[in-house]
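What follows is one structure encoded as structure tokens, with my remarks underneath.
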Amino acid sequence: MSRAPQIPLRAGNFSRQAHADLPDGTYEREVGREGFGGQATHFYHRHPPTAWTHWEGAHRPRAFDLNQLGPGQCPLEAPLVASNAHLQLRVWKPVEPMPYLVRNADGDELFFVHAGGGDLYCDYGHITLGEGDYFVLPRGTMWRLEPHGPSFILLLEATGAAYRLPDRGLLGEHALFDPAVLDVPQIDGSFLAQQSVQPTSVRVKARQRLSTITFGFNPLDAVGWKGTLVPIRLNWRDIRPVSSDRYHLPPSAHSTFVTDRFAVCTFCPRPAETDPGALKVPFFHSNDDYDELLFLHAGQFFSRSGMGPGAMTFHPSGFPHGPHPGPYKTSRSNPRTRIEEVAINIDARDPLDLAKGLTGCELAGHVESWLEFTEDIES
Ligand SMILES: [Fe+2]
């Protein structure tokens, strides 16, 4: 697909190339539409766009330690983290094998195994999930999990919708990951062995209400299947991220799964930019059409300070965000050559509501975490 070039209108002192060769002493902020895919303008500010000194009101950047959420058995009732009309994000920490099946009739379910894993049985067969696995389960599929031990799994429901792989565009069909790395459940010996005529219950979530259906047999009784509507497993280690040594790519370059109303991106270990003039941390940005959740799976957020695996930040639209002062300054004075992080970014086109129960695990002071920038401002 091509389009006519849109020549930016310009004023004052600016860089001709976004994210590179900033005018001396300035901080770049991108104001953009459609989640880095639409119209955008770059401002070159005298001061860091996140160098606020005081903030009143509930609409603010927030951070949470999801490690503090407790265990639970039923994935359909796992603690809600964030939601809107088009998605529900839950944190599920199973410990014991599920004694019943579940079916989410409200939308496709995307798993991300942050820790642990187990044997998953579903309409399509048996598959093992382990640390770092994504698993997309089509809406309405019956399933249960036998965890191998205490586990920590993100469940992201695409309410009323289906997950798709993003358009690779000019990169081609085998970029980021070859679809051949995707795995599907198998009708294997383990699956056939669990088939029985024991009474089996299925808990169904439909229209966000639960029902229970009981059979006189285990309805996971398929002996085979064929089709294009299938669950898929993808481990982040099979993602081969694109990068540029001269240009900091936007989060959308790391899209892994998309729906019509949100995108899931995976930030994987990758080389950092090396061009002397290129920004080496994310640019400050006002992603004004999107609310953003960022979950750290492994490593250290390369642009943020003091957050370990299991932490999640929430940056709704309405204000800019960007790198923390420490990483920003380090990127200017002693830039790292590699980024060692595995993080899941959820960009939602519609405003997200955080669950009330989340306040118990909030990391206080996130809104003040850019305060160090103010020390550099000369009066
Ligand atoms: Fe962002």
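Yeah, the Cβs are placed from backbone N, Cα and C, and that goes for glycine too.
These figures come from a predicted structure and were not determined experimentally.
Using a Cβ-Cβ cut-off under 8 Å and counting only residues 6 or more beyond its ends in the same chain, the region 'Disordered' (1-22) has close neighbours at 28, 30, 39-42, 44, 169, 246-248, 275, 277-279, 283. The region 'Disordered' annotation in TrEMBL covers 1-22.
Annotation source TrEMBL lists domain 'Homogentisate 1,2-dioxygenase N-terminal' at 101-233. Taking H, G and I as helix, E and B as strand and the rest as coil, DSSP gives the domain 'Homogentisate 1,2-dioxygenase N-terminal' (101-233) the counts 11 helix, 62 strand, 60 coil.
Mean per-residue pLDDT, taken over the domain 'Homogentisate 1,2-dioxygenase N-terminal' (101-233), amounts to 97.
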